[in-house]
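The feature domain 'Clp R' is assigned by Swiss-Prot to 3-144. As annotated by Swiss-Prot, region 'Repeat 1' applies to 6-71. Sequence annotations record features per position, and here Swiss-Prot assigns region 'Repeat 2' to 80-144 based on sequence analysis. Taken from Swiss-Prot, the feature coiled coil covers 395-471, and the record attributes it to similarity to another entry. Taken from Swiss-Prot, the feature domain 'UVR' covers 420-455, and the record attributes it to sequence analysis. The feature region 'NBD2' is assigned by Swiss-Prot to 498-716.
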Amino acid sequence: MMFGRFTERAQKVLALSQEEAVRLGHNNIGTEHILLGLVREGEGIAAKALQSLGLEVSKIQEEVEKLIGVGKQPTQSIHYTPRAKKVVELSQDEARKLGHSYVGTEHILLGLIREGEGVAARVLNNLGVSLNKARQQVLQLLGSNESQAGRQGRSGQQSNASTPTLDSLARDLTVSAKEGKIDPVIGRSKEIERVIQVLSRRTKNNPVLIGEPGVGKTAVAEGLAQQIIDNEVPETLRDKRVMTLDMGTVVAGTKYRGEFEDRLKKVMEEIRQAGNIILFIDELHTLIGAGGAEGAIDASNILKPSLARGELQCIGATTLDEYRKYIEKDAALERRFQPIQVDEPTLEETIQILNGLRDRYEAHHRVTITDEAIEAAASLSDRYITDRFLPDKAIDLIDEAGSKVRLRSYTVPPNLKELEQKLDEVRKEKDAAVQSQEFEKAASLRDSEQRFREELETTKNQWKEKQGQTDSEVTMEDIAAVVSTWTGVPVSKLTKDETDRLLNMEKILHDRVIGQSEAVNAVAKAIRRARAGLKDPKRPIGSFIFLGPTGVGKTELARALAEVMFADEDAMIRIDMSEYMERHATSRLVGSPPGYVGYDEGGQLTEKVRRKPYSVVLLDEVEKAHPEVFNILLQVLEDGRLTDSKGRVVDFRNTVIIMTSNVGASELKRNKYVGFALDNEEKDYKDMKSKVIEELKKAFRPEFLNRIDETIVFHSLEKEHMKDIVTLMVQQLQKRLKEQDLHLSLTDKAIEKIANEGFDPEYGARPLRRSIQKNIEDLLSEELLRGAIEKEQQVKIGLNNKGEFIVLP
């Protein structure tokens, strides 16, 4: 059977009739199942007609069961009976007679009545409803009668029946407003007033709402529909119907050439004749190219004449980008629409909107939303969710927080789960006892089952009562938790563990980075400021430039910070600036310009920060990059934002930016004196720092340096630091060996010798790594290959009499 012309509700009726057949255990779908489907659908004209005749689902089900009984589960695929097929064919014929281009629930009911001999007809007669009376009721609801049925819906009627094609393709916003299905529209009175002004013009009376996604363009059209229902519009717009047309629905199912144009022409003719329709086309840019196959004209060109003459009142809605990309290119279409800018609401307006919607979300989630939660949703979404717009993102926060709180409160208690498990076990044991014919045991288990079932029912009812009495509350903390889940930025209140970790951050960092207290303190203070909520919200958490000779821990401190913040040292965004030495390579940071290879891939820096807005950004060896790179970084350091090649603004306000550089390393090498008294060392460090800063000023522009929070000069490593660093490096080696079930330890003398061998003030800690490779790793690899070391063995390395490294027995 062909269901192409059947409306969504009509198709739902047929699906429900199949469900009824399965429920009753019947192998075929008969007229009685279609009747049950019509009543169960509940919203169509047929359901309303049957309800007005006093027919309820339970009554019809009872009568059907009485007439044909209940079977077992159907054993084969379910098919329509010949009578049911005839009803479907007659419904199409009824639609044709009434001049409707669609088949709705009312036509199915008319077909059912016309067939007149099936089980459905008997059910209706038994319930005291004559078929003729049922038919008259349907036609009355359709705004028609028997004498009008053959006239194919004349234009004189101002009812819904005069626009059958439009009704099948569009949704009536005024009906939704009347039924209270539209959310209240708050703070858009200026935009609605401007829309009314444009609609009241003689020609070109077509407003188009332009604004960013999520600012409330569709809400303006819904607000107009609500005002029409409340009679708060001028006389010119009284009794108008606002119909929202989805171009996808208009195009859907148009298989043959000319079908789309015919459908659209019918819609336009119906609108012209009805005279009381305001068409709302959301995503207006979909008009361009819609239905425009090879040689055919698209929807926008079909609508242009009517739009210009004022025969068609149309409200459009589209985003700024799509308006520019599609509508502005077609000047003839653009001049027929009057643009109305819908701006993003302010924080105060967003709070008003959320307060207006609060009742709807409280009723849906069965929770109470506090004033603090409303304010937090507006302020936190504005601050942390930067790629979307108010009020949409704030509403989404409230919605998800409500969902989260409700699900949390509806978690089944453990004692209830335990009772359900016990009941299942007893039921299985009883079935097993019956199978093995142990009837006494089965009787005893049946009593236990009954007892458990009663206990379960009582416990479940008590839990449900308790749930119904106490409404869960959506608090500021719940909103903050959702923001953290979305963005990865921790905005919830500090826990005791986190507070302790932040206060002891220096100690944690000192365990990884030896001998650089100034750098560690500066970074720790920046993180504490941010987490306590005292940092400047318009700038990054902190921006640092680490200077010093090679191998003193500049990059290591960035890794350690990432581990403290995210429990993973690889969680930082690392950009090796030596890759950006050529001028043309700088575009890779923000993405290639249009027309170049890699435009669709996005920037290497911007894309990573968009995905992880709360992160440590390490720009390693920054002096190796081309000077143009620093121009890109200016607005990142000052305003915490950067625009990528596609025009998207990337938010850097929740990042820690660390740049490392070897500028002035030669000065450090020349001016490092060992063995002076403490006072002299401090004075020496200050002199050396000032010289390095001078070198830095020569290498970088003042506007770049002026935007950096702190410039930190790392100390050269002292001999006393070496043992601690060797211990750290050996711990890393121990971790690698542990994976092979080997346990390594070194004697103090062995550690001391590595520290002495690897000490070089000019090269920092890296020579120690080479010393460990040469003396420890090479020795272990030889012993492993020789088979002298077995798995699960404790391996101790020390020195022999000649001072050589050996594996001790």
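Each residue's number is its place along the chain shown, starting with 1.
Backbone N, Cα and C define each Cβ position, glycine as well.
The shown structure was predicted, so the numbers you read here are calculated from the model rather than taken from an experiment.
Tertiary neighbourhood of the domain 'UVR' (420-455): none, as no same-chain residue meets a CB-CB distance under 8 Å with a gap of 6+ residues from either end. With DSSP classes pooled into helix, strand and coil, the tally for the domain 'UVR' (420-455) is 33 helix, 0 strand, 3 coil.
When DSSP labels each residue, the region 'Repeat 2' (80-144) comes out as 46 helix, 2 strand, 17 coil, counted as helix, strand and coil in that order. The average per-residue pLDDT of the prediction over the region 'NBD2' (498-716) is 79, rounded to a whole number. When DSSP labels each residue, the region 'Repeat 1' (6-71) comes out as 47 helix, 3 strand, 16 coil, counted as helix, strand and coil in that order.
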